[in-house]
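*Asks:* Pulled the feature table from Swiss-Prot, pasting it below:
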type	residues	note
BINDING	R47, G48, D106, D107, L108, V109, D110, T111, G112, K113, T114	5-phospho-alpha-D-ribose 1-diphosphate binding site
BINDING	D107	Mg(2+) binding site
BINDING	D110, I153	xanthine binding site
BINDING	D110, T111, G112, K113, T114, W152, I153	GMP binding site
BINDING	D110, I153	guanine binding site
Amino acid sequence: MGSDADADLGERRPFPVSWDQFHRDCRALTWRLNEVGPFAAVIAITRGGLVPAAIVARELGLRVIDTICVASYAHDKQGDLQVLKGVSEQTAALGHGTGKGLLIVDDLVDTGKTGRMVRDLLPDAHFATVYAKPMGKPLVDTFITEVSQDTWIFFPWDTGLSFQPPLKDGAA
């Protein structure tokens, strides 16, 4: 989920994304990435990057998929970053230790804290996200949709089917 570090959810603009829309956006991202590659491997930033990385890997025909596990969110608040798991030695070797020829995928770049940390680890990798906010956008090489910094994206894996009251009734 996207977040501003100090704002509460009531001050953000909701942006619900359906599975169909997310899949279309990931395929559109892949069309752009196909012009930039080839890539030796995909690295998903977990957890948000797992679903888009799977779609991108399928569409690009990539079989080497790795993860970098970075924790920055607790519920709806952004906190300190921790690398819980780095990329494997085999994947790092494919990228010559700097990430050259590797594709890093995440669902969203928000403030850029996670992106900056991953960029420091793999400075030559190509960094792609489905969605980008203005603060983090400069860190991303390829993205599909820009949203405002005060937008809160509700990804399909974070939501369930439920009644939505009409906007006229004060629904956000």
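Glycine residues also receive a Cβ, built from the backbone N, Cα and C atoms like all the rest.
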*Asks:* Rounded to an integer, what is the Cα-Cα distance in Å between G112 (5-phospho-alpha-D-ribose 1-diphosphate binding site) and I153 (xanthine binding site)?
*Replies:* 16
*Asks:* Calculate the distance in Å between the alpha carbons (Cα) of T114 (5-phospho-alpha-D-ribose 1-diphosphate binding site) and I153 (xanthine binding site), and round it to a whole number.
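*Replies:* That comes out at 17 Å between the alpha carbons.
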*Asks:* Hey, of the binding-site residues listed (T111, T114), which one tops the CB count within 10 A?
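*Replies:* Within the set of binding-site residues, the most crowded position is T114.
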*Asks:* Hey, does DSSP put G112 (5-phospho-alpha-D-ribose 1-diphosphate binding site) in a helix, a strand, or just coil?
*Replies:* coil
*Asks:* What span in Å does the 5-phospho-alpha-D-ribose 1-diphosphate site cover, taken as the longest CA to CA distance among R47, G48, D106, D107, L108, V109, D110, T111, G112, K113, T114?
*Replies:* 17
*Asks:* Based on Cβ atoms within 10 Å, give me the single least packed residue among the binding-site residues R47, K113.
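*Replies:* Each of the binding-site residues R47, K113 was scored; lowest Cβ tally within 10 Å is R47.
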*Asks:* In whole Å, how far does the CA atom of T111 (GMP binding site) lie from that of R47 (5-phospho-alpha-D-ribose 1-diphosphate binding site)?
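*Replies:* Here the two Cα atoms are 17 Å apart.
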